[in-house]
Amino acid sequence: MANLNKRPDWIKVKAPNSTEYYNTKDLIKNLRLNTVCEEAACPNIGECWSKKHTTVMILGSVCTRACRFCNVKTGRPDLLDPHEPQRLAEAVQKLNLKHVVITSVDRDDLEDGGASHFAECISEIRKSSPNTTIEILTPDFLRKEGAAEIIANAKPDVFNHNVETVPSLYKTIRPGARYYNSLSLLHNIKKLSPDIFTKSGMMVGLGEEINEVVQVMDDLREAKVDFLTIGQYLQPTKNHAEVAKYVTPEEFKYLERVAKTKGFLMVSASPLTRSSYHADEDFQKLKENYQQKLVS
């Protein structure tokens, strides 16, 4: 049996050590912004921050959910910061970002789940950086009537909401969420605003079966999702769900091939793939693939 306490060589990454990495870190700190890169202990932080790519986490640093895979703090959430959208827009401008990814903690305590705050962030970025494309990675807005409409009207270039895992694992891995609610949210955004690219991602290595992963692909295509990401689950701490399997690079290539046969415009599948990993480059490929589909 494989030693799951030791990560395989294909998972290992270099420790961050570049000047640009520290410059990005200082800017984020000085503007009092949170990033999912830090809070979720992302393995790609060194590479991304060295390129001045960062995923800002809005709506505070404390989540109202306690998913078994996630390293973000859970508990009583922070007060909403009305100046956060302006500081975020300033960071985008100072980093000279061509493409920005914005995510958030879950805010079940807010009437709209934080949807209007996302909309304000998009609006502020559009004012100061009109040529920057905007990708948002949102919570599921469970039982938040009108949230999808607020998001669709804000017109992000990409709407991302992750299903995270297969439905059979939701009770243990994502107990506060509902699989079919996530599918419904993705479908509703596309229905409300067909010109917004939709995206979703999932982790593997949590104990799912291959046929379950393929079924999720089919469900996402039924919801008109354009872009699928698949990455290896990594246990943040001993208090989180254990890794059931380290999926090999060859198995990821197989999943990518299968996903492409389903009709996704874009598929990214590898051990280190995360929702916002190479998001700027992937967005360009996504647009190119869409244009090719139009003329084919």
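Using the three backbone atoms N, Cα and C, a Cβ is placed for every residue, glycine included.
The structure displayed is predicted, hence computed values, not measured ones.
Straight from Swiss-Prot, the features:
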type: BINDING; residues: C37, C42, C48, S276; note: [4Fe-4S] cluster 1 binding site
type: BINDING; residues: C63, C67, C70; note: [4Fe-4S] cluster 2 binding site
type: DOMAIN; residues: 49-265; note: domain 'Radical SAM core'
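Sequence-ordered, the extra residues of this chain that approach the [4Fe-4S] cluster 2 site, with Cβ no more than 8 Å from the Cβ center of C63, C67, C70, are R65, A66, F69, N71, V72, T74, V105, D106. Cβ-based neighbour count (10 Å, all protein chains) for C63 ([4Fe-4S] cluster 2 binding site) stands at 23. You'll find the Cα of C70 ([4Fe-4S] cluster 2 binding site) roughly 16 Å from the Cα of S276 ([4Fe-4S] cluster 1 binding site). Within 10 Å of the C-beta of C67 ([4Fe-4S] cluster 2 binding site) we count 20 further C-beta atoms, all protein chains included. Counting Cβ atoms from all protein chains shown, S276 ([4Fe-4S] cluster 1 binding site) has 25 others lying within 10 Å of its own Cβ.
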